[in-house]
Structure formats: structure tokens, C-alpha cells
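Participant: Have a look at this one.
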Amino acid sequence: MECDISFIGLGQMGYGMASNIRKKLSKNSTMFINDVNSEACERFANEHESYGPIEVVSTAKEAASRAPVLVSIVPAADHVRQVYLDKENGVIAAPPDKDRLILESSTIDVDSQREVGSAIRDAGVGSYYDAPVSGGQWGAAAGTLAFMIGCAEDDPKASQIRQVVSMMSHPDKIFLCGPLGNGAAAKISNNYLSGPFLLAIAESFAIGIKNGLDKDVLANVIRNSSGMSWMGEHMHPVPGVVAGAPSSNGYKVGFRHELMVKDTTLGIEAAEKNGVEPSMARTAVEMYRRAAGDTRTEGLDASSVYKLVFGEE
């Protein structure tokens with residue numbers, strides 16, 4: 001793709017996403033990067049300079065001003081507001097350009113996405129779309145993330161959005177979900193399942209193993225029965241069941257307990273706001289909170305919740 005692109009947020013997810021963009025951009029295109037961590041920017045530039053020009057910019061305003069496409073992913077809603085709505089250094093301070101494509105990929109609540117997106121659109125700074133992702137840092141690095149985008153199929157920007165997102169995803173994993181905020185709604189709904197699913201798998205295998213079942217036999221049964229799930233096939237909490245899962249690699253952190261708490265809490269808040277009783281998520285979030293502070297599991301991947309469920313010392 002031949003187009004200058006700016007990227008804000010070189011964290012756990014953003015680094016891999018930005019890496020794929022730089023690798024797939026034309027060598028004639030410049031990538032502008034911005035992050036509060038200057039060391040991350042320096043490392044990214046050093047590791048990717050062979051793929052084409054990279055420039056570090058100091059503000060979100062400059063990032064938006066320098067390229068016709070901007071992608072961002074930051075930790076929380078307050079960070080999104082800071083990046084976009086700061087009157088001096090935020091995206092909203094950039095020169096007006098309604099053709100500027102803005103894809104905001106942070107996992108935040110629906111109302112915040114709609115608030116920020118509407119402000120940017122009303123200011124004429126760009127065409128803003130919420131575009132949260134799923135697939136973890138492995139998917140970010142591999143360029144296989146799922147994208148849930150607050151964009152209608154007949155939106156005039158839809159084709160350009162698919163072209164940009166395809167550098168970080170597979171065409172079959174790009175979902176246009178409707179109006180502004182619907183991408184966030186889809187992401188929150190999906191995440192609502194992830195935490196409870198992982199905990200349920202941990203409990204299920206603890207039951208089976210404590211009753212004498214071999215873990216691989218049980219995994220094969222579930223894989224071919226009604227209990228099969230994506231989490232079980234990719235993020236299995238029992239060591240040795242899935243070779244590439246964090247559990248099989250000493251629970252090396254891929255998705256921290258704190259992030260599971262954050263994402264599941266977003267689901268709880270959305271449920272309560274819309275009159276849905278979030279009974280499963282409430283139980284799950286308390287378990288992940290406990291795991292975040294337990295000496296057996298703190299600092300490990302969220303799937304290490306299995307240690308608490310099984311009663312490992």
C-alpha cells in the first residue's frame with residue numbers, strides 16, 4: 001500500500017500492529033509514530049528502518065497533521081480523550097481535513113468512543129471510526145487480528161478502511177458492525193465471553209483431572225463435543241494441552257489478569273446500563289482480581305487462574 005500513515009500507541013498490541021503496517025507499506029511511504037514511551041519509539045524505528053522511512057513525532061496533533069491515515073491504540077478511555085481531545089496537542093488541534101481516515105482501536109466503553117468520535121467528526125478533523133481488535137499480542141504480531149469496526153457496509157470510507165486494516169488482519173476477520181460505537185459494542189460483547197470462558201475451562205479441567213482423567217483425553221473429548229471454544233483451542237489454561245498457549249510456556253504473560261479485569265468490567269458496566277444481569281462476569285472478574293494479587297499468579301498470564309482453581313501451591 002502506498003500511503004503515509006501515522007500510528008499512536010506502541011504498547012503490547014500496538015507494536016505488532018504498527019510493525020505489520022510498516023512492513024506492508026510501500027518503501028516510498030513514510031510512517032509517523034508516537035508514544036509516551038520514547039524508548040518504544042526508538043526501538044521501533046531501529047527495528048523497522050529497513051522497510052521504509054519512519055519518523056517519530058512528539059504529539060498526537062503532529063501525528064494527525066502529517067498523514068492522511070491515523071491509527072491509534074492506547075490503554076483506556078482517559079488516554080483516548082487525551083490523545084484526541086486535548087486542545088493544544090491532541091488530534092482535534094490538527095488542521096481540518098474531513099478526508100483524513102482515523103481508526104481508533106482501543107478497548108473502551110461505547111459512550112466514550114461515540115463522544116470522542118463525534119467531537120472529531122464535528123470539528124472536521126477527520127472521518128473517525130472505532131475499530132477495536134481481538135486476537136492478543138500474537139495476533140497483532142502475526143497480522144491476524146479480528147477487527148470490529150463502527151462502520152456501515154455502504155460507508156464511502158469502507159473500502160479504504162478494509163485496505164488499511166488488511167495490513168493487520170485477514171479479510172475474513174474484518175467486520176463492519178454499523179454506526180459509530182458499534183465496533184466497541186461488538187468488542188465488549190466478545191470480551192464479556194472471554195474471561196468467563198477461560199475460567200470455566202479451568203474449572204472443567206480441574207474437575208476432570210481430579211477425577212482421574214488424563215488432560216489430553218479430556219481435551220480431545222471437549223474438542224469434539226459441545227464444550228469446544230476458541231479459548232480452549234488457543235489459550236488453554238492447563239499446561240501441555242496447547243503447545244503455544246501461555247500455560248505451556250510457564251504462563252509467560254500475554255494478557256495480564258488486570259487487563260482481564262478491565263475488559264470484563266467494561267462488559268459488566270455495559271450489561272448493567274442496558275438492563276442485563278451480568279451474573280457470570282461478576283464471578284469471573286472477582287476471580288481474576290484475586291489472581292492478580294495472589295503470589296502464585298501475580299504477574300503471570302490470566303490463564304494462570306487455573307492455579308487457583310486447581311489449588312496449586
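Positions of Cβ are set from backbone N, Cα and C atoms, glycine also.
What TrEMBL records for LYS187 is active site. Here TrEMBL flags 4-169 as domain '6-phosphogluconate dehydrogenase NADP-binding'. Annotation comment: TrEMBL describes 181-308 as domain '3-hydroxyisobutyrate dehydrogenase-like NAD-binding'.
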Participant: With helix taken as DSSP H, G or I, strand as E or B and everything else coil, how many residues of the domain '3-hydroxyisobutyrate dehydrogenase-like NAD-binding' (181-308) land in each class?
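Facilitator: Split into helix, strand and coil, the domain '3-hydroxyisobutyrate dehydrogenase-like NAD-binding' (181-308) gives 86 helix, 2 strand, 40 coil.
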Participant: Residues with Cβ closer than 8 Å to the Cβ of LYS187 (active site), same chain and 6+ apart in sequence?
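Facilitator: In sequence order, the residues whose Cβ lies under 8 Å from that of LYS187 (active site) (at least 6 apart) are THR107, PRO132, VAL133, SER134, MET148.
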Participant: For the domain '3-hydroxyisobutyrate dehydrogenase-like NAD-binding' (181-308), would you mind checking the mean pLDDT of the predicted model?
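Facilitator: The average pLDDT of the model in the domain '3-hydroxyisobutyrate dehydrogenase-like NAD-binding' (181-308) works out to 96.
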